[in-house]
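> Pasting the relevant annotations from TrEMBL:
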{"type": "DOMAIN", "residues": "53-486", "note": "domain 'Major facilitator superfamily (MFS) profile'"}
{"type": "TRANSMEM", "residues": "50-79", "note": "transmembrane segment"}
{"type": "TRANSMEM", "residues": "91-108", "note": "transmembrane segment"}
{"type": "TRANSMEM", "residues": "120-142", "note": "transmembrane segment"}
{"type": "TRANSMEM", "residues": "148-165", "note": "transmembrane segment"}
{"type": "TRANSMEM", "residues": "177-202", "note": "transmembrane segment"}
{"type": "TRANSMEM", "residues": "208-229", "note": "transmembrane segment"}
{"type": "TRANSMEM", "residues": "331-353", "note": "transmembrane segment"}
{"type": "TRANSMEM", "residues": "360-384", "note": "transmembrane segment"}
{"type": "TRANSMEM", "residues": "390-412", "note": "transmembrane segment"}
{"type": "TRANSMEM", "residues": "432-454", "note": "transmembrane segment"}
{"type": "TRANSMEM", "residues": "460-482", "note": "transmembrane segment"}
(Lines of atoms letter the chains of each structure in order from A and count residues from 1; the text may use other names and numbers.)
(Lines give C-alpha, C1' and ligand atoms only; values in the text may rest on other atoms or scores of the structure.)
Protein backbone atom coordinates (compact mmCIF):
# COMPACT_ATOMS: atom_id res chain seq x y z
CA UNK A 1 0.00 0.00 0.00
CA UNK A 2 3.04 2.25 0.19
CA UNK A 3 2.41 3.37 3.74
CA UNK A 4 5.25 1.51 5.31
CA UNK A 5 8.11 3.65 6.54
CA UNK A 6 11.64 2.76 7.47
CA UNK A 7 12.47 2.36 11.12
CA UNK A 8 14.02 5.53 12.36
CA UNK A 9 12.69 8.99 12.92
CA UNK A 10 9.13 8.07 12.09
CA UNK A 11 8.90 4.71 13.87
CA UNK A 12 7.41 4.37 17.32
CA UNK A 13 8.43 2.00 20.09
CA UNK A 14 5.83 -0.61 20.79
CA UNK A 15 4.94 -2.86 23.66
CA UNK A 16 8.03 -4.18 25.50
CA UNK A 17 10.39 -2.48 23.05
CA UNK A 18 8.76 -3.74 19.81
CA UNK A 19 8.89 -1.20 16.99
CA UNK A 20 5.77 -0.25 15.11
CA UNK A 21 6.05 -0.69 11.36
CA UNK A 22 4.05 2.41 10.66
CA UNK A 23 4.53 6.08 11.50
CA UNK A 24 1.73 8.27 12.72
CA UNK A 25 0.31 10.35 9.88
CA UNK A 26 1.40 13.72 11.36
CA UNK A 27 5.03 12.60 11.64
CA UNK A 28 5.62 12.29 7.88
CA UNK A 29 3.37 14.87 6.27
CA UNK A 30 4.99 17.86 4.54
CA UNK A 31 4.69 21.33 6.05
CA UNK A 32 1.75 23.52 5.23
CA UNK A 33 2.40 25.68 2.13
CA UNK A 34 3.23 29.27 3.05
CA UNK A 35 1.45 30.73 0.04
CA UNK A 36 -1.88 29.29 1.07
CA UNK A 37 -2.01 26.90 -1.89
CA UNK A 38 -2.67 23.19 -1.75
CA UNK A 39 -4.45 21.32 0.99
CA UNK A 40 -3.99 22.28 4.61
CA UNK A 41 -1.91 19.62 6.38
CA UNK A 42 -0.92 20.99 9.75
CA UNK A 43 -3.16 23.36 11.66
CA UNK A 44 -0.80 25.67 13.50
CA UNK A 45 -3.74 27.53 15.02
CA UNK A 46 -5.24 24.30 16.36
CA UNK A 47 -1.89 23.39 17.92
CA UNK A 48 -1.78 26.78 19.59
CA UNK A 49 -5.25 26.26 21.02
CA UNK A 50 -4.35 22.85 22.43
CA UNK A 51 -1.09 24.19 23.85
CA UNK A 52 -2.84 27.13 25.53
CA UNK A 53 -5.62 24.99 26.98
CA UNK A 54 -3.07 22.53 28.38
CA UNK A 55 -1.09 25.33 30.02
CA UNK A 56 -4.22 26.84 31.58
CA UNK A 57 -5.47 23.48 32.84
CA UNK A 58 -2.08 22.83 34.50
CA UNK A 59 -2.00 26.00 36.60
CA UNK A 60 -3.47 24.25 39.64
CA UNK A 61 -0.33 22.13 39.77
CA UNK A 62 1.68 25.22 40.64
CA UNK A 63 -0.23 25.20 43.94
CA UNK A 64 0.87 21.66 44.79
CA UNK A 65 4.46 22.37 43.86
CA UNK A 66 4.53 25.65 45.76
CA UNK A 67 3.09 24.07 48.88
CA UNK A 68 5.64 21.24 48.78
CA UNK A 69 8.57 23.58 48.15
CA UNK A 70 7.62 26.34 50.57
CA UNK A 71 6.89 23.96 53.44
CA UNK A 72 10.50 22.73 53.43
CA UNK A 73 11.55 26.19 54.64
CA UNK A 74 8.36 27.17 56.47
CA UNK A 75 8.65 24.24 58.83
CA UNK A 76 11.90 25.67 60.24
CA UNK A 77 10.21 28.95 61.20
CA UNK A 78 6.86 27.41 62.21
CA UNK A 79 8.74 25.24 64.69
CA UNK A 80 10.34 28.32 66.21
CA UNK A 81 7.16 30.42 66.27
CA UNK A 82 4.54 27.86 67.34
CA UNK A 83 7.05 25.59 69.15
CA UNK A 84 5.73 22.39 67.59
CA UNK A 85 7.28 18.98 68.24
CA UNK A 86 9.04 16.74 65.70
CA UNK A 87 5.95 14.52 65.46
CA UNK A 88 3.80 17.59 64.78
CA UNK A 89 6.24 18.61 62.05
CA UNK A 90 5.84 15.21 60.39
CA UNK A 91 2.07 15.38 60.64
CA UNK A 92 1.97 18.93 59.27
CA UNK A 93 4.14 18.00 56.30
CA UNK A 94 2.70 14.57 55.53
CA UNK A 95 -1.00 15.18 56.14
CA UNK A 96 -1.32 17.13 52.88
CA UNK A 97 -0.63 14.00 50.86
CA UNK A 98 -3.08 11.85 52.82
CA UNK A 99 -5.90 14.37 52.71
CA UNK A 100 -5.31 15.12 49.03
CA UNK A 101 -6.11 11.49 48.22
CA UNK A 102 -9.67 12.20 49.39
CA UNK A 103 -9.76 15.07 46.93
CA UNK A 104 -8.47 12.81 44.16
CA UNK A 105 -11.12 10.19 44.87
CA UNK A 106 -13.87 12.82 44.98
CA UNK A 107 -12.61 14.43 41.78
CA UNK A 108 -13.47 11.36 39.70
CA UNK A 109 -17.16 11.58 40.53
CA UNK A 110 -17.16 15.39 40.53
CA UNK A 111 -15.51 15.70 37.10
CA UNK A 112 -18.05 13.26 35.66
CA UNK A 113 -20.92 15.22 37.25
CA UNK A 114 -20.02 18.88 36.59
CA UNK A 115 -17.33 18.50 33.94
CA UNK A 116 -13.54 18.63 33.84
CA UNK A 117 -13.47 22.42 33.38
CA UNK A 118 -15.52 23.38 36.43
CA UNK A 119 -13.76 20.80 38.58
CA UNK A 120 -10.52 22.68 37.85
CA UNK A 121 -12.20 25.84 39.20
CA UNK A 122 -13.51 24.04 42.27
CA UNK A 123 -10.01 22.82 43.10
CA UNK A 124 -8.60 26.36 43.04
CA UNK A 125 -11.41 27.74 45.23
CA UNK A 126 -10.97 25.07 47.91
CA UNK A 127 -7.19 25.60 47.96
CA UNK A 128 -7.59 29.37 48.32
CA UNK A 129 -9.74 28.90 51.41
CA UNK A 130 -7.19 26.56 52.97
CA UNK A 131 -4.24 28.81 52.18
CA UNK A 132 -6.00 31.83 53.71
CA UNK A 133 -6.65 29.91 56.94
CA UNK A 134 -3.02 28.79 57.14
CA UNK A 135 -1.73 32.33 56.58
CA UNK A 136 -3.59 33.72 59.61
CA UNK A 137 -3.47 30.62 61.82
CA UNK A 138 -2.84 31.53 65.49
CA UNK A 139 -2.15 27.94 66.57
CA UNK A 140 -1.10 24.52 65.33
CA UNK A 141 -4.71 23.27 65.35
CA UNK A 142 -5.93 26.09 63.07
CA UNK A 143 -2.87 25.65 60.86
CA UNK A 144 -3.76 21.97 60.46
CA UNK A 145 -7.36 22.86 59.57
CA UNK A 146 -6.19 25.11 56.74
CA UNK A 147 -3.67 22.54 55.54
CA UNK A 148 -6.33 19.82 55.40
CA UNK A 149 -8.61 22.06 53.33
CA UNK A 150 -5.75 22.99 51.01
CA UNK A 151 -4.94 19.30 50.62
CA UNK A 152 -8.45 18.53 49.39
CA UNK A 153 -8.17 21.29 46.79
CA UNK A 154 -4.79 20.04 45.64
CA UNK A 155 -6.07 16.46 45.42
CA UNK A 156 -8.93 17.54 43.16
CA UNK A 157 -6.65 19.63 40.97
CA UNK A 158 -3.90 17.09 40.39
CA UNK A 159 -6.39 14.45 39.27
CA UNK A 160 -8.52 16.42 36.84
CA UNK A 161 -5.89 18.32 34.82
CA UNK A 162 -4.12 15.28 33.26
CA UNK A 163 -7.50 13.78 32.37
CA UNK A 164 -8.63 17.02 30.72
CA UNK A 165 -5.39 17.42 28.75
CA UNK A 166 -5.35 13.83 27.50
CA UNK A 167 -8.97 14.11 26.36
CA UNK A 168 -8.44 17.31 24.38
CA UNK A 169 -5.05 16.49 22.82
CA UNK A 170 -4.33 14.69 19.53
CA UNK A 171 -2.40 11.42 19.86
CA UNK A 172 0.88 12.81 18.49
CA UNK A 173 0.98 15.62 21.08
CA UNK A 174 -0.63 13.91 24.06
CA UNK A 175 2.58 12.82 25.77
CA UNK A 176 4.12 16.27 25.58
CA UNK A 177 0.99 18.11 26.68
CA UNK A 178 0.09 15.66 29.45
CA UNK A 179 3.56 16.32 30.88
CA UNK A 180 2.71 19.96 31.48
CA UNK A 181 1.23 19.38 34.98
CA UNK A 182 4.58 18.00 36.14
CA UNK A 183 6.54 21.00 34.88
CA UNK A 184 4.09 23.26 36.68
CA UNK A 185 4.61 21.25 39.87
CA UNK A 186 8.36 21.65 39.42
CA UNK A 187 7.96 25.37 38.76
CA UNK A 188 5.81 25.66 41.88
CA UNK A 189 8.45 23.87 43.96
CA UNK A 190 11.08 26.29 42.66
CA UNK A 191 8.83 29.24 43.54
CA UNK A 192 8.42 27.80 47.02
CA UNK A 193 12.18 27.50 47.48
CA UNK A 194 12.75 31.04 46.24
CA UNK A 195 10.00 32.30 48.56
CA UNK A 196 11.79 30.66 51.47
CA UNK A 197 15.04 32.37 50.55
CA UNK A 198 13.45 35.79 49.94
CA UNK A 199 11.27 35.99 53.06
CA UNK A 200 13.54 34.15 55.51
CA UNK A 201 14.91 37.47 56.78
CA UNK A 202 11.54 38.62 58.15
CA UNK A 203 10.68 38.05 61.84
CA UNK A 204 9.91 34.42 62.67
CA UNK A 205 6.25 35.13 63.48
CA UNK A 206 5.72 36.78 60.06
CA UNK A 207 8.00 35.12 57.50
CA UNK A 208 6.26 31.75 57.30
CA UNK A 209 2.85 33.42 57.06
CA UNK A 210 4.01 35.51 54.10
CA UNK A 211 5.48 32.39 52.48
CA UNK A 212 2.20 30.47 52.79
CA UNK A 213 0.02 33.46 51.84
CA UNK A 214 1.91 33.97 48.59
CA UNK A 215 0.54 30.62 47.42
CA UNK A 216 -2.88 32.21 46.96
CA UNK A 217 -1.64 34.36 44.06
CA UNK A 218 -1.33 31.59 41.41
CA UNK A 219 -4.80 30.22 42.20
CA UNK A 220 -6.45 33.58 41.43
CA UNK A 221 -5.50 33.12 37.77
CA UNK A 222 -7.88 30.12 37.59
CA UNK A 223 -10.82 32.55 37.40
CA UNK A 224 -9.47 33.74 34.04
CA UNK A 225 -8.83 30.17 32.95
CA UNK A 226 -12.48 29.21 33.37
CA UNK A 227 -13.44 31.96 30.93
CA UNK A 228 -11.03 30.70 28.27
CA UNK A 229 -10.83 26.91 28.18
CA UNK A 230 -13.60 24.75 26.66
CA UNK A 231 -15.05 21.64 28.23
CA UNK A 232 -13.53 18.25 27.41
CA UNK A 233 -15.07 16.85 24.20
CA UNK A 234 -15.17 13.37 25.71
CA UNK A 235 -17.16 14.61 28.70
CA UNK A 236 -19.53 16.46 26.36
CA UNK A 237 -20.17 13.25 24.43
CA UNK A 238 -20.86 11.45 27.71
CA UNK A 239 -23.51 14.13 28.39
CA UNK A 240 -25.11 13.58 24.94
CA UNK A 241 -23.82 16.94 23.73
CA UNK A 242 -22.21 15.77 20.50
CA UNK A 243 -22.73 19.14 18.81
CA UNK A 244 -20.75 20.96 21.51
CA UNK A 245 -18.07 18.26 21.38
CA UNK A 246 -17.78 18.67 17.59
CA UNK A 247 -17.30 22.43 18.03
CA UNK A 248 -14.45 21.88 20.50
CA UNK A 249 -12.79 19.24 18.33
CA UNK A 250 -13.02 21.52 15.29
CA UNK A 251 -10.96 24.10 17.19
CA UNK A 252 -8.27 21.67 18.39
CA UNK A 253 -7.98 19.51 15.25
CA UNK A 254 -6.05 20.21 12.06
CA UNK A 255 -9.08 19.78 9.80
CA UNK A 256 -12.82 19.16 9.84
CA UNK A 257 -12.16 15.61 8.65
CA UNK A 258 -9.87 14.91 11.59
CA UNK A 259 -12.37 16.44 14.01
CA UNK A 260 -15.13 14.21 12.65
CA UNK A 261 -12.92 11.12 12.92
CA UNK A 262 -12.01 11.92 16.53
CA UNK A 263 -15.67 12.50 17.35
CA UNK A 264 -16.61 9.15 15.84
CA UNK A 265 -13.96 7.38 17.96
CA UNK A 266 -15.21 9.09 21.12
CA UNK A 267 -18.85 8.28 20.38
CA UNK A 268 -17.97 4.64 19.77
CA UNK A 269 -16.17 4.47 23.12
CA UNK A 270 -19.07 6.28 24.83
CA UNK A 271 -21.51 3.64 23.53
CA UNK A 272 -19.56 1.05 25.48
CA UNK A 273 -19.96 3.25 28.55
CA UNK A 274 -23.72 3.35 28.25
CA UNK A 275 -24.10 -0.43 28.02
CA UNK A 276 -21.31 -1.48 30.37
CA UNK A 277 -21.21 -2.13 34.11
CA UNK A 278 -20.88 0.74 36.55
CA UNK A 279 -17.31 2.03 36.57
CA UNK A 280 -16.63 1.36 40.23
CA UNK A 281 -18.04 -2.14 40.06
CA UNK A 282 -15.83 -2.90 37.06
CA UNK A 283 -12.76 -1.52 38.81
CA UNK A 284 -13.42 -3.55 41.95
CA UNK A 285 -13.98 -6.72 39.90
CA UNK A 286 -11.79 -6.04 36.88
CA UNK A 287 -11.53 -8.13 33.74
CA UNK A 288 -8.04 -9.40 32.81
CA UNK A 289 -7.58 -6.43 30.46
CA UNK A 290 -8.60 -3.85 33.06
CA UNK A 291 -6.51 -5.65 35.67
CA UNK A 292 -3.41 -5.26 33.50
CA UNK A 293 -4.20 -1.56 33.05
CA UNK A 294 -4.59 -1.12 36.81
CA UNK A 295 -1.31 -2.90 37.52
CA UNK A 296 0.49 -0.55 35.14
CA UNK A 297 -1.28 2.63 36.21
CA UNK A 298 -1.26 2.02 39.96
CA UNK A 299 2.28 0.63 39.91
CA UNK A 300 3.73 3.71 38.24
CA UNK A 301 1.79 5.95 40.64
CA UNK A 302 3.16 4.03 43.64
CA UNK A 303 6.80 3.91 42.55
CA UNK A 304 6.83 7.59 41.67
CA UNK A 305 6.48 8.43 45.38
CA UNK A 306 7.88 5.32 47.09
CA UNK A 307 11.37 6.08 45.78
CA UNK A 308 11.49 9.10 48.12
CA UNK A 309 10.98 12.23 46.02
CA UNK A 310 8.93 13.96 48.73
CA UNK A 311 11.55 13.13 51.35
CA UNK A 312 14.15 14.94 49.27
CA UNK A 313 11.89 17.89 48.50
CA UNK A 314 10.32 18.39 51.95
CA UNK A 315 13.40 17.57 53.99
CA UNK A 316 16.26 18.66 51.75
CA UNK A 317 17.46 21.11 54.44
CA UNK A 318 17.63 18.16 56.88
CA UNK A 319 19.62 16.11 54.37
CA UNK A 320 22.06 18.94 53.67
CA UNK A 321 22.41 19.65 57.40
CA UNK A 322 23.28 15.98 57.96
CA UNK A 323 25.95 16.22 55.25
CA UNK A 324 27.66 19.09 57.07
CA UNK A 325 25.94 22.38 56.12
CA UNK A 326 25.42 24.68 59.08
CA UNK A 327 23.73 28.01 58.27
CA UNK A 328 20.10 28.50 57.24
CA UNK A 329 21.13 30.61 54.24
CA UNK A 330 23.31 27.77 52.92
CA UNK A 331 20.53 25.24 53.41
CA UNK A 332 17.91 27.34 51.63
CA UNK A 333 20.29 28.26 48.80
CA UNK A 334 21.06 24.58 48.22
CA UNK A 335 17.33 23.81 47.99
CA UNK A 336 16.97 26.49 45.30
CA UNK A 337 19.62 24.63 43.28
CA UNK A 338 17.51 21.48 43.64
CA UNK A 339 14.47 23.39 42.38
CA UNK A 340 16.33 24.66 39.31
CA UNK A 341 17.48 21.11 38.48
CA UNK A 342 13.90 19.86 38.68
CA UNK A 343 12.53 22.55 36.36
CA UNK A 344 15.35 22.25 33.81
CA UNK A 345 15.02 18.50 33.36
CA UNK A 346 11.24 18.45 33.23
CA UNK A 347 11.54 20.72 30.18
CA UNK A 348 13.83 18.13 28.60
CA UNK A 349 11.27 15.41 29.34
CA UNK A 350 8.50 17.37 27.65
CA UNK A 351 10.61 17.68 24.51
CA UNK A 352 11.51 13.97 24.47
CA UNK A 353 8.40 12.14 25.67
CA UNK A 354 6.67 11.94 22.27
CA UNK A 355 9.90 11.42 20.31
CA UNK A 356 11.87 8.97 22.44
CA UNK A 357 8.82 7.28 23.95
CA UNK A 358 7.53 6.65 27.46
CA UNK A 359 9.34 3.42 28.25
CA UNK A 360 12.94 4.41 27.33
CA UNK A 361 12.62 7.55 29.49
CA UNK A 362 11.27 5.44 32.36
CA UNK A 363 14.32 3.17 32.10
CA UNK A 364 16.70 6.15 32.18
CA UNK A 365 14.80 7.72 35.05
CA UNK A 366 14.49 4.72 37.37
CA UNK A 367 18.06 3.52 36.82
CA UNK A 368 19.43 7.05 37.39
CA UNK A 369 17.38 7.48 40.57
CA UNK A 370 18.66 4.16 41.92
CA UNK A 371 22.29 5.14 41.34
CA UNK A 372 21.84 8.59 42.93
CA UNK A 373 20.15 7.13 46.02
CA UNK A 374 22.87 4.53 46.43
CA UNK A 375 25.65 7.13 46.17
CA UNK A 376 23.88 9.49 48.58
CA UNK A 377 23.40 6.72 51.14
CA UNK A 378 27.02 5.61 50.81
CA UNK A 379 28.41 9.14 51.16
CA UNK A 380 26.36 9.87 54.30
CA UNK A 381 27.40 6.53 55.82
CA UNK A 382 31.09 7.22 55.10
CA UNK A 383 30.78 10.73 56.57
CA UNK A 384 29.27 9.31 59.76
CA UNK A 385 32.26 6.94 60.08
CA UNK A 386 34.74 9.79 59.56
CA UNK A 387 36.04 8.33 56.30
CA UNK A 388 34.74 11.10 54.03
CA UNK A 389 35.71 14.78 54.56
CA UNK A 390 32.85 17.19 55.26
CA UNK A 391 33.46 19.24 52.13
CA UNK A 392 33.30 16.16 49.91
CA UNK A 393 30.17 14.94 51.70
CA UNK A 394 28.42 18.29 51.13
CA UNK A 395 29.39 18.25 47.44
CA UNK A 396 28.17 14.68 46.98
CA UNK A 397 24.91 15.41 48.84
CA UNK A 398 24.11 18.41 46.65
CA UNK A 399 25.13 16.57 43.46
CA UNK A 400 23.16 13.40 44.21
CA UNK A 401 20.02 15.22 45.40
CA UNK A 402 20.09 17.39 42.26
CA UNK A 403 20.78 14.27 40.21
CA UNK A 404 17.85 12.48 41.83
CA UNK A 405 15.37 15.24 40.99
CA UNK A 406 16.85 15.52 37.48
CA UNK A 407 16.35 11.81 36.72
CA UNK A 408 12.93 11.94 38.39
CA UNK A 409 11.88 14.89 36.26
CA UNK A 410 13.08 13.43 32.98
CA UNK A 411 11.07 10.24 33.40
CA UNK A 412 8.81 8.89 36.10
CA UNK A 413 7.71 12.34 37.30
CA UNK A 414 5.87 13.52 34.16
CA UNK A 415 5.33 10.10 32.53
CA UNK A 416 3.40 8.97 35.58
CA UNK A 417 0.75 11.55 34.68
CA UNK A 418 0.89 10.76 30.97
CA UNK A 419 0.36 7.02 31.43
CA UNK A 420 -2.27 7.42 34.12
CA UNK A 421 -4.42 9.61 31.93
CA UNK A 422 -4.13 7.62 28.68
CA UNK A 423 -4.19 3.89 29.42
CA UNK A 424 -7.76 3.56 30.72
CA UNK A 425 -10.88 3.37 28.53
CA UNK A 426 -13.28 6.30 28.64
CA UNK A 427 -15.86 4.51 30.82
CA UNK A 428 -13.27 4.03 33.60
CA UNK A 429 -10.85 6.88 33.09
CA UNK A 430 -11.93 9.43 35.69
CA UNK A 431 -12.43 6.88 38.48
CA UNK A 432 -9.27 4.88 37.69
CA UNK A 433 -7.11 8.00 37.55
CA UNK A 434 -8.65 9.10 40.85
CA UNK A 435 -7.71 5.78 42.47
CA UNK A 436 -4.19 6.08 41.06
CA UNK A 437 -3.65 9.55 42.44
CA UNK A 438 -5.10 8.44 45.78
CA UNK A 439 -2.46 5.70 45.94
CA UNK A 440 0.16 8.24 44.86
CA UNK A 441 -0.87 10.56 47.69
CA UNK A 442 -0.87 7.70 50.22
CA UNK A 443 2.68 6.77 49.27
CA UNK A 444 3.69 10.43 49.38
CA UNK A 445 2.14 10.90 52.81
CA UNK A 446 3.71 7.72 54.15
CA UNK A 447 7.15 8.88 53.06
CA UNK A 448 6.71 12.45 54.32
CA UNK A 449 5.22 11.52 57.69
CA UNK A 450 7.71 8.78 58.51
CA UNK A 451 10.99 10.14 57.15
CA UNK A 452 12.24 11.89 60.29
CA UNK A 453 11.27 8.92 62.47
CA UNK A 454 13.00 6.47 60.10
CA UNK A 455 16.12 8.62 60.05
CA UNK A 456 16.15 8.67 63.85
CA UNK A 457 15.81 4.87 63.91
CA UNK A 458 18.24 3.82 61.14
CA UNK A 459 20.07 7.11 60.25
CA UNK A 460 19.59 9.21 57.13
CA UNK A 461 21.97 6.90 55.23
CA UNK A 462 19.85 3.89 56.17
CA UNK A 463 16.66 5.63 55.00
CA UNK A 464 18.13 6.32 51.57
CA UNK A 465 19.46 2.78 51.31
CA UNK A 466 15.86 1.59 51.67
CA UNK A 467 14.73 4.06 48.99
CA UNK A 468 17.47 2.75 46.67
CA UNK A 469 16.15 -0.81 47.06
CA UNK A 470 12.61 0.34 46.21
CA UNK A 471 13.95 2.26 43.21
CA UNK A 472 15.74 -0.85 41.93
CA UNK A 473 12.41 -2.69 42.13
CA UNK A 474 10.83 0.06 40.01
CA UNK A 475 13.28 -0.70 37.18
CA UNK A 476 12.06 -4.31 37.13
CA UNK A 477 8.45 -3.14 37.22
CA UNK A 478 8.93 -0.88 34.19
CA UNK A 479 10.50 -3.75 32.24
CA UNK A 480 7.71 -6.22 33.00
CA UNK A 481 4.51 -4.18 33.10
CA UNK A 482 4.76 -0.86 31.25
CA UNK A 483 3.86 -0.82 27.51
CA UNK A 484 4.88 1.85 25.03
CA UNK A 485 1.85 4.06 24.32
CA UNK A 486 3.49 6.81 22.29
CA UNK A 487 1.60 7.79 19.13
CA UNK A 488 -1.55 5.74 19.82
CA UNK A 489 -5.00 7.25 20.16
CA UNK A 490 -6.70 6.80 23.51
CA UNK A 491 -9.08 4.31 21.95
CA UNK A 492 -6.22 2.25 20.42
CA UNK A 493 -4.18 1.95 23.61
CA UNK A 494 -6.64 -0.59 25.03
CA UNK A 495 -5.39 -3.10 22.44
CA UNK A 496 -1.91 -2.99 24.02
CA UNK A 497 -3.40 -4.64 27.11
CA UNK A 498 -5.27 -7.28 25.11
CA UNK A 499 -8.57 -5.42 24.85
CA UNK A 500 -10.24 -3.10 22.38
CA UNK A 501 -13.14 -5.30 21.39
CA UNK A 502 -10.95 -7.86 19.72
CA UNK A 503 -8.76 -5.34 17.90
CA UNK A 504 -5.25 -6.68 17.83
CA UNK A 505 -2.02 -4.73 17.77
CA UNK A 506 -1.49 -5.67 14.17
CA UNK A 507 -4.91 -4.34 13.23
CA UNK A 508 -4.13 -1.05 14.95
CA UNK A 509 -0.95 -0.75 12.92
CA UNK A 510 -2.83 -1.54 9.72
CA UNK A 511 -5.40 1.12 10.53
CA UNK A 512 -2.64 3.66 10.95
CA UNK A 513 -1.16 2.64 7.61
CA UNK A 514 -4.48 3.02 5.80
CA UNK A 515 -4.98 6.39 7.44
CA UNK A 516 -1.55 7.50 6.28
CA UNK A 517 -2.21 6.35 2.71
CA UNK A 518 -5.51 8.23 2.67
CA UNK A 519 -3.80 11.41 3.78
CA UNK A 520 -1.13 11.00 1.11
CA UNK A 521 -3.78 10.69 -1.59
CA UNK A 522 -5.54 13.80 -0.30
CA UNK A 523 -2.38 15.90 -0.35
CA UNK A 524 -1.29 14.92 -3.87
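Just so it is clear, glycine is given a Cβ too, placed from its N, Cα and C backbone atoms.
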> May I ask for the residues of the chain that lie six or more residues beyond the transmembrane segment (208-229) and have a Cβ under 8 Å from a Cβ within it?
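Contacts with the transmembrane segment (208-229): 52-53, 56-57, 59-60, 62-63, 66-67, 70, 73-74, 77-78, 81, 117-118, 120-121, 123-125, 127-128, 131-132, 134-136, 188, 192, 195-196, 199, 202.
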> When you scan the chain for residues with a C-beta under 8 Å from the transmembrane segment (390-412), skipping those not six or more beyond its ends, what do you find?
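Answer is 182, 186, 300, 303-304, 307-309, 312-313, 316, 319-320, 322-325, 334, 337-338, 341-346, 348-349, 352, 361-369, 371-373, 375-376, 379-380, 382-383, 474.
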> Between the stretches 50-79, 120-142, 360-384, 432-454, 460-482, which wins on the count of C-beta pairs under 8 angstroms to the transmembrane segment (177-202)?
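So the stretch in question is 50-79.
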> Summarise the model confidence on the domain 'Major facilitator superfamily (MFS) profile' (53-486) as a single mean pLDDT, whole number.
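So the average pLDDT across the domain 'Major facilitator superfamily (MFS) profile' (53-486) works out to 86.
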> Would you call the transmembrane segment (432-454) and the transmembrane segment (148-165) in contact, using three or more Cβ pairs under 8 Å, pairs 6 or more apart in sequence?
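Between the transmembrane segment (432-454) and the transmembrane segment (148-165), contact is present.
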> Any contact between the transmembrane segment (50-79) and the transmembrane segment (360-384)? By contact I mean 3+ C-beta pairs closer than 8 Å, pairs at least 6 apart along the chain.
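Contact between the transmembrane segment (360-384) and the transmembrane segment (50-79): absent, because fewer than 3 Cβ pairs are under 8 Å.
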> Residue list, the transmembrane segment (331-353) vs rest of chain: Cβ under 8 Å, 6 or more residues beyond ends.
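For the transmembrane segment (331-353), the sequence-distant neighbours (Cβ-Cβ under 8 Å, at least 6 residues beyond its ends) are 69, 72-73, 175-176, 179-180, 182-183, 186-187, 189-190, 192-194, 196-197, 200, 312-313, 316-317, 320-321, 325, 361, 398, 401-403, 405-411, 413-415, 418, 486.
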> Between the transmembrane segment (91-108) and the stretches 148-165, 360-384, 460-482, work out which stretch tops the count of Cβ pairs under 8 Å.
148-165
